[in-house]
Every structure is written in C-alpha cells, then in structure tokens.
Amino acid sequence: MDIDGGVEESSRQVQVRFVTKLKPPYKTPPTSLAIPTNINRWRLSDIVNNILEAGVDDWQYQPFDIVIDGKFLRVSLEEFLLAKGISAERVIEIEYIKVVAPRREDISLHDDWVSAVDGSSDGYILTGCYDGLGRIWKDTGICTHILEGHTGPITSVCVIKPKVEGAFDQLVATASKDRALRLWKFDAGKSAQPKKIRAFRILKGHNAAVQSIAAQPSGEMVCSGSWDCAINLWQANGSDAGGDIVSAKKWKKGGGDEEPQSEGEAVSTLVGHTQCVSSVVWPQHETIYSASWDHSIRRWDVETGKDSLNMFCGKAFNCLDIGGESSTLIAAGGSDPIIRIWDPRKPGTYDPIFQLSGHNSWISSCKWHNKSWFHLVSASYDGKVMIWDLRTAFPLGVIDSHKNKVLCADWWKDDSVISGGVDSKLCISSGISVE
Amino acid sequence: MKIPKNKKQQKKEEAGKINEMLGRIGQQLAQVADNSEDSSSDSDFEVVDNESLSEDEGSISESGMEQIEPSDNEDVVVSSDNDEDDDDDDDDDDIGSDGDGDGDGDGSEVDGGESDDSREVVEESDSSEDEVAPRNTVGSVPLEWYKDEEHIGYNLAGRKIKKKERQNKLDSFLASADDSKSWRKIYDEYNDEEVELTKEDTKLIRRLLEGKAPHADFDPYEPYVDFFAWDDSKHPLSNAPEPKRRFIPSKWESKKVLELVRAFRKGRIKFDDKPKEESNLYDVWADDSSLTERQGLTHIPAPKFKLPGHEESFNPSGEYILSQEEINAHQLLPEEDRPKLIPKQFMFYRSVPAYEKAVSESFGRCLDLYLCPRARKKRINIDPETLKPKLPSRKELRPYPKTCYLEYKGHKGPVTSVTTESTGQWIASGSNDGSVRVWEVETGRCLRVWDIGEPVQQVVWNPLPELPLLAIAAGQDVFILNTGLGSEEEQKKIEKLLCVETPTAPDDSDKNASFISWGPDDKHGGVRLKHFKTVTSIEWHRKGDYLSTLMPYDILSPNLNFIYLLIHTHLIRIGHCCEAFYYYLCFCSFLNSLKRESRSVLIHQLSKKLTQRIPYKLRGLPVSSAFHPIRSIFFISTKKDVRVYDLLKQKLIKKLEPGVREVSSIAIHPSGDNVIVGSKDGKLCWFDMDLSSQPYKVLKSHEKDINKVSFHRSYPLFCSCSDDCTAYVLHGKVYSDLNQNPLIVPLEILRGHASAEGRGVLDCKFHPRQPWLFTAGADSVIRLYCH
C-alpha cells in the first residue's frame, strides 16, 4: 500500500499494527505496516481511513483519534515514541477510536445570562437564567415550561430523581440569589406554548444568596450551599411530608387560581465553611461534597452532620463534581485556569492526581460523564467548553460556540454537551461519542 | 759635641732593638693566648699577683721552650749586634760576673754581660749589647740547616758547639714550677742556651712598655745648650739696613683679613653647614624597591622601557632580519599584535636614520608616567547578592494577586473609585461618567446602575454586612444609597434609617446647619448631604454609623471674602478709627474660630443625622482621612503630613512626616499600628506608629503619582496603584512581637490597564476575604487580579 512516497525516504520507519475496539465496519485486518515516524495523528487517521475504504464499498470518511499505550497521540509519532521511550524496533500497536467532536451544535436563546443547566434527565434540559426564570427545554429551541417565581437570578438548578421510576410528575429544584430555593413539579408532556408554572414549594432559610443546589440520589432531599457559609438540607418531597414543618399558605398575588404554595424550612444545617459555599454535590445517599471560596473541599456525613474530609487547596473553588473511577474522584475548578482531580482514597496526601490545564480563565463548571471513567466536561470564563479525557493532558475537544464567559456546562443524553453562558445562549453540542 | 749624638744614636738603636724584642714577646704572648692555657702557669698566677707582666713573661719563657720556632726577627736582632771585637771581653765578663750574680748559675753568662753593662754605663754603654757576643759564629743563617746536626754552630775557635740535651717536657715543667725565677728565663735558640733576664732587663722592658726612654738615667727634659754664638760679629755677612717691612704691619694682609671678616659677616663664607653635594647621576635600571617603600604599599612603579636587544642594533645579525614573507605575515596581523620594530641592517652607524616614532613614543611615555594613576586600588570583592537583604522568596509568601482573570466593563468614563462589600460578594464602583455601578464579583455582572449626574469622586460601602449602604461623593453632595441587597428585614431597617424629613430652611444662627443639610434624595431614594464645597473623600467608621467627609477648604472662601469686603466698605464709610479697630478685631476672632475648627473635615452620624466638625486646627489642605480600625483615633493627611487625633480626648496624638512632595492617600493596617502613605512623587512610605514619626521604610517604586494605597483586611498584603498603569502588590507582615520590625517584600507588579488622558490606575481595593485585588482604571475597566 502506498502511503507517502516522498516522505518515506527522508525519515525512519516503524512497524505498526492498527487495532480497535469498534464494531466490524471499523475493523481493520490485523496486518502490520511500515509507516514513517514523522507523521501526526491526522495522517494516521487518513491511513486508517484508506485501509477501511479498501474493505468497505461505500465508505464515508471518519476521523479517528489515535491511542498508543493508553495515551492519546497529540504530537508527531516520532516525538511521542521518544517521549514515552517506546522502542521503534518492535511492532507498535496503534489503537484508533472515533474522534470526540461535536457534529452538530444547536443554540437556544434566553433573555438573560444562562447561569445553570442540568442535563441529568434524558427527556429535557433544565436551565436557570439571570432573569429569575427557570426553563425546561425539550430539545433545541423548544421550551416547554417556564419556572416563574424567583425574584433574583437563578444560580443553580438540579433535577430531583423520583423515588419511583416512571412517575408522572417531574421534580426539579432551583436556587436563586433571592436567598430561597424553589421546588417545581411539572409533567413532561408536550405543549405548543411554553407553559408558565409556579413553584409548589419555597424553601427559605439562607441568609444570603444561595449559590448551589444538589439533590440526593434517592430524590428525598436536596442540599444547598450559600453565601452565608452554610449548607442546608431540605426535604424535597413536599406532598407526602408531614405537616409539622410545612405551613401551607395561599399565594395571594396570583389571584388564587393556582395550586397552593408551601414554605419549607431547613431540616439541618452543615456548618464549617468560612466563606461562600460555591458548589455542593450529593453523589451517595449519606455523603455530601462541598467546595467553597475558603479554599477547601469538604465531605460531609449526612447523618452526623460532621465533615469527614477537609481538603485544603490554595484556590477558591467554583465548581465540584464527583465521578470518574468507581465514582470517587473529585474534580474541582475555581479561581484559576486549572482543573484539579483528587483521589480521596489515596492516603496521606492531598495532592491532586491530575491537573488539567487548557483554559485561560476561571473554571465555572466541571462535570464527569456519568458512564465513562475518563471523560469530563469543563466550562470556563474564557468562553470555551472543553472535553477532557484523563488519559491525555490535552483536551479532546473544544467547543468554541460561546462568545463570552461560559457559566455552566453539563452532559446530556450521554453524547451531548450542554452549556450556557453570558451570551444568553444554551448550546447543545451533540454527536460526541464517548468510547 | 759628638758624644751625645752617638749616645743618642745608640739609644735609638737600643730602642729599636728592644722594640723588636718586645714585638717578639708580644708575638709569643699572642701565641700563648692562642694555645691552650697550661695548667702550669696557674701556680704562678697564684704566687705572683701584682706582677702581671712578669707572669706573662714566665708563660712566655715556657712557650718559648716548648716551641722552638726560630723567628727571623731574633736572628736579625742577634746577628746585627754581632761584634767580634768584644767577644773576649765578653767571656771575661761572664766569668767575672759569676760572683756578683744572683746566685743562679744557669744564665750566668748573660747576667754577666748585663752586669757589665751596668758597670760601664758611665762611659761606654754603647757596646752594652755588642758585648753579649754570641758564642755561635754561623751568622745569620736559618737554624733549620742545623736541625739534623748535632751541633748548632761553631764557636770562635772553630769548634763545634754541641746541642744541649733536650730536657724532658715534664722535667722542664717541674723545674720551672720549682724555680721561682723561671719566668725570667728565655731560651735563646741561636746559641742554644737559656738566658735569664736580670732585674735591670725587666725594668728596662717595663720602661719601654710605659713609653719612656729605655734607660732610667736618660732625661728627655735636660736643659738646652745653645751652642750657637749669637753675639754680633765684627764682620757681618751683610751690612744692609733692616727693611721697613720687617717692622711695619702688612697693609695687604690687613686688607685680606678685612675682606674675610666682611665675608663672614655677610654669610658668604660658611663653615660647617655646607650641604653635601648629591650626585646628579643615578642608576636608571636600578631596582625601585626603596622607592616603593617611600610611596607606600599601594604604589605601583611605572613600568620601565624594555632594554634594547640585539634586534634593535643598527647592524643585527642575520637571524634577526625578517624575510619578506614574515613581513607580509606581520601586515596581516591586527594592529595591536604587530611587532613595533622591524630589525634593519645598516652598514655604518652614520647611515642609521632618525627614529621616526621618537617624539610620539616619548610623548606617550611621558603621558603614561604622569597621567596614569598608578596606585593599587583596594577593591572590595563582595558579591552584590550578599548585600541584599535576605527576603523570603515569593513562593513562600503566597497567596497574593498575580493574574487578571475577570474584567468588569460597563463604565463609560474613568473609574475613579471601587469599593468592596464586606462579604466579598459585590463591589461598587464610581466613575467620571456620573454613574455608580454595583457588580457581582463572581461573574462580573453589573447588578445596578445609578446615574448621579456628576463625576463620582468616591464610593464607599458600609463596613457592616447587615447594612448594604453605599456612600457616594459626587460634586458637592454625599449620597447614602440603599443597594437593596439585604434580606427583607434588613431592608426594612435600612429604610427606617434612611428616612429623613425634608430639610428646613437653613438657619443662619446655627453654624452646623449653615453648611450641611440632610435631606432625602428623590431620584435614588437615599439620603443626600449637601456640602458647600466639593467633597473629595469619604470614609466610613468601622461601626458603620459615622462617616467622615473631606472638603479641601480655603480660609478665604467666597462668603468670607464677601464679609471682608463688607467690613472694608463699612470702615471707609464710617471713617472712625476706634470703631474700625473694633470691627477688625471681630473679623480676626471670626477667622480664628474658623481656623481652630477646621471646616474642611466633617463627621456625620447616620443614625442621628448629625454633622460635627472636628475641633482641631488643620494646616494645609486635607487629602485623605481614615478611622483607626480598633480605637477611636482619626487620621487626617494633608499634603505634607499625617495628623493623628484622639477623638475621645480631642487632642493631637502624633504627627507623621513622610517627607514627600505631596501625599495622595493613606491606609491603616488592620492592627492599627502601621500606616502607609502614598505620594504624588511615586513614593510609598511605611510608618510604624510605635517606632517614630519618620517613615520606617520608603519604597520608591512607581514612576508616576501614586493614586491609592490599600491594606488587605486579613492577608499580610498591601498595594499601591499609580498613574503609570501599574499596581504593586507587596507583602507587609506585622509581627505581634514589638522587637521585630515589619517585613516588607515586593511581590508583584500588576499590569494590564491602559492609560487614558495621562491617568492610569485610579483606585485599588483588596477583596475582603480572598487574596484578590480590584483595580479601577482610567480606561473605564475594573480588573480583578487573583492568586
């Protein structure tokens, strides 16, 4: 097979074999080839495409990413081999995977800055906006519900997973700068016009702006972090909760035609942070992780209300997520352009195991992919959303569709990245293949 | 007449001989001294104490016996005195003298001779030596000739004189020890016999040694017998009369004497103090070591010319002459490496041309000699790094603001002031475009805009978290506005606090009311304090109730001028002296009262809606003011100095003198004991209040005016911002230990602002809780620098 006649003379050659874990149309014959070492990953991708084209009749060009020894190839092959100390004598196994790059980008416009987004439910996207409204999007540009009620900008939103699968009503929670949290209930049915709905429950108890909210995996409770340095725990399900903490109250302003709104108070408060709690995550039933501007990340035990882990790192944190390998790695970003990843199981040290640097400004959001151990999406004030793979120090993909600061980002439906920013856009970048 | 002469001659000869003999004795003495001393002489020493000479002679005799070294002198002495005529007599004398000898038979012959001498002293003493005729007739021949013979010579009869038998040394020593006269005995080698000196001989020797005449009866001072017949003879040889010059003193001599006397008097002739003439010649090539000693150790002597070698000869030998290739090679060399002289050969000395570089070279040499400073410089070899104060590295002092990540854009004119809310969630900024904006720190979102209408001088957030109020100085007004960021209950409180009834008409009788009016602000819904002058600076007290405002206020303000004019016209109209004086006094007292209570600094109380003046006199225009963070102390800085007042005791505590051109701002350390002062010549002064009224440290860092200085509330950081578009962040750690001085380390220069109309960074404030810095620039941007 002719690869490149001109280059071959001037450079050394190595024996390679292409392997893949992809399904049959992408499989190549397990023969070894001699290729020059000075080529990069795009040329390698071309080579793989050429091989595949020979086997399949109507082949459509498919870019591949190249993995050698579990590391992504980002420099030329020769430099990579030298850097990793891989002998050029033996046959090198080159694995190719589909490139992680969005194929389609859709934009839905908001009225104001999009400050929060949650894509944990496959059926819809929940966004929070600086105009104080939450929105439910069915797909690009199709807004089904408008959550109306907050008097301040919404800072954080989360989808509360129902206790029973297949429940009719969907539960979501929003946190706002007006010091309150609101719980909303809606049915996921379609409607032509965006339907304005009111919160069925208002949770008041914070003394300052609420910065983040997270729901228990079981969906019973939500927790919220606030500028008053406290983390409050709230009962999420108001309908079946006892009336001891709920004081029913008619919503006077609405004219009385709406369903009643109840106010809830905090079940308990986790005190320990000294500054704004900027991010909370509730990954397991009994554990809450929180990141704060006081440069610490804490792990709280819900039962006792004590922090079982207090990790100090010299930066103010904006975002936090738990995931990755066996859902224990902590990824956090804050007031510098580096995403740090810790393994809390590692004894004795609080040094991050990974430091991903690629952004140019503060990290506003970072989320693990909920199926993959390696993939991570991050948003930054430099206007970029980056998709990371822990196996490489370089971002796999950069979504550059925002013009200004990106305030939030999340995964949706396993193959899309949704992000919102200061340019009032909600971007949905779909077609990202993870594995 | 002849006899005495002979006698003298004889005596001279005698003296000569004796001298020779004495010489011989001296030699022997020397030999004795050289040789090892003999224990034999010890006894003699003991016996004869007073006669050191004789003792010596005794030892001489001994040595003479031991060493048979015939000296020429002896021979000469003896041989020259040989007189054969007296030999017989001699013999006779010898025989005869036996009787009156000293009783020692050994040296009788010599003694006899001597005694003869003494007997014939009267008439024929001349042959006294001659009479001692030697027995031996060999003459003056070396005695070595007879060394191996059994005889030493021949007597007069021609018979051999046999050598005496040699005495054993031990025996001779014993004999000499026994014999008390042994010291007088001298061995005469020539005649092979021992001679014993008589007493007369010893006396004679002694006399010679004393330097007298050998003979005792010789009188050196005997009266002079004038044998010349002095009386005039009848027939003189010349009958010429005595010439005149014989009896007249010489005129020329007296002239000469006079001349000398004059020369002495005039000092033309000097006796002793004639300077020794130093020779002008010196050794050019000599070592200069003495010179260096004279000039000190640091002196370096000028290098000498190289001595001319063979190549500089006018006719050098062939190996010095360069070939053409070599000359060409020299031409290729750089100028300084080229040899100065190319040897040339001349047949005759007269064909040598003049050296063309002679003048320039000698001129250069002279320049070198007298212009080149030749002294060994004492160079101190110190690494400049070691002289730097040992500061901790910047890494250890982290965190501090480093990089700009966020910009707050929205203002349309230079941002003059920025202030932070106490929790650090919001900031507020005022701009020259007349707007005040509130921003969210985290995202950079502008929450609220007020349009004041006038350029905003300063914006200050109330330090209490539960009172989210903004004090805004714009033009002649101070606004206190509600930001509406608190909770609902707080909002109610604030509304109550800011509720002010509309001002009554200014009452002239009350001084306070005359220049400050509290009133509601209809446009923005707050309190508006109307001042009579432009307010440049405002500052909250830490408790959030008091607010100080500064108005750079002249004594001769327009209304005062008006009063002055009024009085003046009044005076003219009245024209009465006493009354004029009275009015003048009134005016002065009024002025003084104004001066005593500075009207340019006011303190307002928000809860009571009251305004007070500070009861101190200020000299100069106030620039900046600050409340002490802990105690009730108030700082006012004028353009020249900073005054510290105690508000409770109402007196001046301290005056800080920065010694800079013009103070622009001050800031107080959160502990209250340290003050930083920024100046318009770019200097930053750190004062330790406990230490001195002079700055503890002056940092000259900025190229242009410093606009603002600021301390961080919790981190040991302070900063200064300047018109050169930079902000400096410095570490300023204050120790609780009073003995330890504050540690000041420059950390970072923050750039990024653009210059606009010659202004750079107008304000800087630290985030209250994070090590972050907000800077407000004239380019209408606020930047946040994070760690």
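Cβ coordinates are placed from backbone N, Cα and C, and glycine is handled just like the others.
Small disclaimer: the values here were computed from a predicted structure and weren't measured.
Here is what TrEMBL says about this protein:
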DOMAIN    A:14-81  domain 'NLE'
REPEAT    A:147-194  repeat 'WD'
REPEAT    A:203-235  repeat 'WD'
REPEAT    A:270-310  repeat 'WD'
REPEAT    A:356-392  repeat 'WD'
Spatial neighbours of the repeat 'WD' (A:270-310) far in sequence, C-beta under 8 Å, 6+ residues away: 208, 211-218, 221-227, 229-233, 316-323, 327, 330, 332, 334, 342, 344
Intrachain residues whose Cβ lies under 8 Å of the repeat 'WD' (A:203-235), provided they are six or more past its termini: 152, 155-163, 171, 173-183, 241, 245, 263-271, 273-285, 288, 290, 292, 294, 300, 302
For the repeat 'WD' (A:356-392), residues assigned helix / strand / coil by DSSP: 0 helix, 19 strand, 18 coil
Residue counts (helix, strand, coil, in that order) that DSSP gives for the repeat 'WD' (A:270-310): 0 helix, 26 strand, 15 coil
Composition by DSSP (helix, strand, coil) of residues within the repeat 'WD' (A:203-235): 0 helix, 20 strand, 13 coil
